[in-house]
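What TrEMBL says about this protein:
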type	residues	note
TRANSMEM	B:27-44	transmembrane segment
TRANSMEM	B:56-79	transmembrane segment
TRANSMEM	B:99-116	transmembrane segment
TRANSMEM	B:157-176	transmembrane segment
TRANSMEM	B:197-220	transmembrane segment
TRANSMEM	B:232-255	transmembrane segment
TRANSMEM	B:276-295	transmembrane segment
TRANSMEM	B:315-334	transmembrane segment
TRANSMEM	B:346-365	transmembrane segment
TRANSMEM	B:385-402	transmembrane segment
Amino acid sequence: MPIVEGTYGLLAEFDTPTQLVRAAENAYSAGYRRMDCYTPYPVEEAAEAIGFHKNEVSLVCLIGGLLGVAAMFGLETWISLWAYPLNIAGRPYYSWPAFVVPAYEWTILFAGLSAAFGMLALNGLPQVYHPLFNAANFRNGASTDKFFLCLEATDPKFEPAETRSFLETLAPLSVVEVEY
Amino acid sequence: MSHSHHTKTLPDQLAAPAFVAGWRSRALVIGAIFSAVAVVLGFLSGDGWSHFLRAWLLGLMITFGFSVGGMALLMVQYLSGGKWGLLVRRPLEAMSRTLPIPFLYFLPVAIFGVNFKKLYLWAQYPDAASAAKQHLITNEQAHAIIFKHGMLNPTTFWVTSLFCFAVWFLYSYLLNSWSLKRDADPAPNVPYWQTKFENISGFGVVVYAILLTACAILWVMSLDPTWYSTVYGLQFLVGQGYGVLALVILTLIGLSNAEPIKTIFRVTEQHDLGKLCFAFTMLNMYLAFASFLIIWSGNSPEEIPWYLDRIRGNWGVIATLDVIFHWLIPFSLLLSRDLKRIKSRLVVVCCIMIFARCWDMWWLIEPNFADARRNLHFSVGMLEYLAVPTALIAFWMAYYFTQLTKRPLVATNDPHLAEILEPEHAHA
């Protein structure tokens, strides 16, 4: 992997989620697209403000669940009808009520695992290095009581001086330049 | 971006908007039309008003579920807390104040069903042994009627039912009058009121569960004296929660066209209520299927006929549709996050859920009777299941809307009020 150098982005720090969301909305309407919000707890409106409306985790979860129910129900049907048919209390081989509980369990299992691993796969975690941790205020605040907006240098609209003055109009506590 | 970044202010006018009166007159018109239809069908069916009374029982169970179930959910939200609780508090109080209506509906069931012996087999043949000898009832039925005589007799039926209503009237009175006192309290003694409501509700939820089990057994389960199931009361309990949640969401969405609900009904809480609906959909199916699976596995001649009565002779179609209406459709639709956040779509799901309650109740009630068990067939009387419950539910709704207009729609002496007026992203 090539070593990247230079500026990762400009990091603005806010005291409240409301200020963060307002800043993110302003940045989005000013034309910035490559940016991200960092908050100590989920703030759904922040995701919305930067144009992130949907993620695919729910779809992955749904597909996982459907695969789970199909796999277990199929397995039970195959065992009971073809592989090892047993006469249990004279019931028909295809006794679907008895198949429902394991099939349900597998639905939940597959859906849960798909959601967890799908989430990791789609959000790029685990990540061993992130440039933002070079900023001291981020290290201290992002997981406690501060709300951050980072405009990234890869954005075509990014100009160090201009972007900094733009961010300062949003009344942040601080604006820090973050290195890779 | 549409949402506001500023704390909203509570409107001055907290009373129900004027269009609620329009809902009420519409409900009254529907009630009147379907009552007329029900009476005409009663004369046409030529079954001695038997189906009329069965359908009346269905209407009783649904409206009783809204009243008493609404009161139960009211107590649950006092216990659980949460911003959704503040939103639904006044509609649920209005539901709990409609208790006189199910009580009126109960009287014909008790008078004609028990005293005039029109509904219940155990009331019809108190001398079960000789009835069995004359082959009017089966030996199993006779045995069950004799064995359960201590519970299944007119005196116990009346005393137990009246006792249950008395307790619920008391609870409805206390919960409602304290709530007004709490709002009028000049010194906002929030912890005092919270404790007071928690204490009455904690006990009240337990009492509700026990009394509801008694009512469900006496009013519906005893239609088939041979049947017993320990999960029966719980199924009614969850069914009531299911129906009440659907109705309360419909109420809030209807009221959200105007102040004051427009201001305080945020998407976050709408989403929360949708999630609760989803949980109840799942729990409802879980109980129903668990009880079916256990009895199916046991395959015991004492238990299995109850299900066979409701599966054979084309009743299986009704049972399958019951699963589809009750679980498959609401479950699949409520999986979607967007659906729970879009009012117009959530309304559709809630309507399906209330319809499914009625469908399920039909499947529970009708196959208890000798002419219908294992034999689903059309008769004019069957149409009563459409007419009578619609009329009863419509009249109940009219009374419910009247109660909604009686009080401010927002309870004010509650710290959740400040939170609910904040912008949505202030709290995760």
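Glycine too: its Cβ is placed from the backbone N, Cα and C atoms.
Sequence-distant contacts of the transmembrane segment (B:346-365), counting only residues of its own chain at least 6 positions beyond either end whose CB sits under 8 Å from a CB of the stretch, comprise 54, 57-58, 61-62, 65, 220, 223, 239, 242-243, 245-247, 249-250, 253, 270, 274, 277, 281, 310, 315, 318-319, 321-322, 325-326, 329-330, 333-334, 339-340, 385, 389. Contact between the transmembrane segment (B:232-255) and the transmembrane segment (B:385-402) is not supported: fewer than 3 Cβ pairs lie under 8 Å, counting only residues 6 or more apart in sequence. Long-range contacts of the transmembrane segment (B:315-334) within the same chain: residues 274, 277-278, 281-282, 284-285, 288, 309, 340, 345, 348-349, 352-353, 355-357, 359-360, 362-363, 367, 374, 376, each at least 6 residues beyond the stretch ends and with a Cβ under 8 Å from a Cβ of the stretch. Take the transmembrane segment (B:157-176) and the stretches B:56-79, B:197-220, B:276-295, B:385-402: counting Cβ pairs under 8 Å, B:197-220 has the most. Proximity of distant same-chain residues to the transmembrane segment (B:276-295), defined by a Cβ-Cβ separation under 8 Å and at least 6 residues beyond the stretch ends, is recorded for 84, 229, 231, 234-235, 238-239, 241-242, 245-246, 249, 303-304, 306-307, 323, 326-327, 330-331, 334-335, 340, 349-350, 353. Sequence-distant contacts of the transmembrane segment (B:385-402) (same chain, six or more residues past either end, CB-CB distance under 8 Å): 20-21, 23-25, 27-28, 30-32, 34-35, 37-38, 41, 51-52, 54-56, 58-60, 62-63, 66-67, 94-95, 98, 100-102, 105, 358, 362, 366.
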